[in-house]
Ligand code: PMP
């Protein structure tokens with residue numbers, strides 16, 4: 001039986017994408033060769049890379065606006081340092097909204113002064129700071145749009161003259177935004193795109209080339225751009241599968257269509273959390289993420305009972321991160337409304353059992 005997969009990432013992918021990807025592993029485009037045994041310089045794979053890059057820009061509404069899309073390696077964690085390596089000359093601002101922002105700050109400190117413009121550490125990151133000011137003269141301001149572990153999401157992005165850099169690892173392609181307000185967006189593939197191994201970086205080209213330091217080739221965005229995201233052997237399987245997911249999303253109607261479904265899923269689970277006296281939500285209501293819903297049992301003694309019920313319903317991956325405890329239902333693009341319905345039924349069944 002296929003499970004209801006609420007895993008935080010790597011996570012659920014569309015069934016048709018998994019099918020096509022597995023077919024390509026056996027026989028790519030009827031070539032008699034596997035996708036993962038052909039040259040990345042072959043015409044067939046170069047087309048895949050180009051398609052993945054252009055679909056990413058198209059879905060974000062960033063075509064012909066001076067942006068480049070790259071599929072790099074090293075995960076979003078490498079972007080913590082690569083953004084700073086390429087953009088931080090003297091001083092950068094960071095909004096600290098959780099574990100991942102804190103890690104980004106740590107890496108940036110190797111390259112220059114880091115100003116923490118705001119932090120929600122005092123509330124164990126259960127909210128998104130709002131009353132902060134952005135100092136003048138920043139090389140960039142770094143934000144994390146969705147805090148995967150704590151279940152908060154930035155709803156309103158700051159208006160600032162500083163270039164905006166955003167880690168969108170856990171909510172890219174999930175909601176409509178004016179993506180042109182960002183100068184650099186990065187996201188590991190393993191949530192809304194594909195398997196782990198590729199990281200999408202979308203860069204407004206004119207922000208590059210302004211730092212005075214020498215940048216090693218593999219960490220230099222300009223090198224990757226000049227080589228059409230093929231400076232070295234790209235993660236071919238991850239890029240191909242990401243391309244399939246982006247195609248799936250486009251055929252579904254793009255970000256506006258998936259946003260509607262994502263909102264329904266989030267409403268369903270949050271209204272259960274709010275109405276069911278057995279549970280309490282972790283994140284501040286106004287900052288709640290549509291991707292990761294974090295909640296706890298009011299009575300921890302019911303944990304074993306609830307966990308057994310969850311398992312029997314075929315639900316996978318709702319254990320909370322150790323820094324929050326409780327539960328986290330991750331509802332990425334490919335998770336169906338039906339799966340959320342199954343979880344909500346189990347939650348209300350717990351209430352009935354008392
Ligand atoms: N940023 C965010 C928001 C994340 O959720 C994660 C991973 N879950 C990362 C960064 C780190 O990504 P990676 O494991 O690809 O380095």
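Glycine is no exception: its Cβ is also placed from the backbone N, Cα and C atoms.
Between the candidates 15, 190, 267, TrEMBL assigns the pyridoxal 5'-phosphate site shared with 76, 77, 100, 148, 167, 232, 233 to 190. Geometry remark: residue 233 (pyridoxal 5'-phosphate binding site) versus residue 41 (L-glutamate binding site), CA distance 9 Å. Following the DSSP three-state reduction, the secondary structure of residue 148 (pyridoxal 5'-phosphate binding site) is coil. With a cut-off of 8 Å between CB atoms and residues at least 6 apart in sequence, the same chain places 103 near residue 77 (pyridoxal 5'-phosphate binding site), listed in sequence order. In this structure, 148 are the recorded positions from 148, 191, 232, 233 whose C-beta falls under 6 Å of some atom of ligand 1. Proximity of residue 190 (pyridoxal 5'-phosphate binding site) to non-local residues of its own chain (separation of 6 or more, Cβ distance below 8 Å) is seen for 9, 10, 11, 196, 197, given in sequence order.
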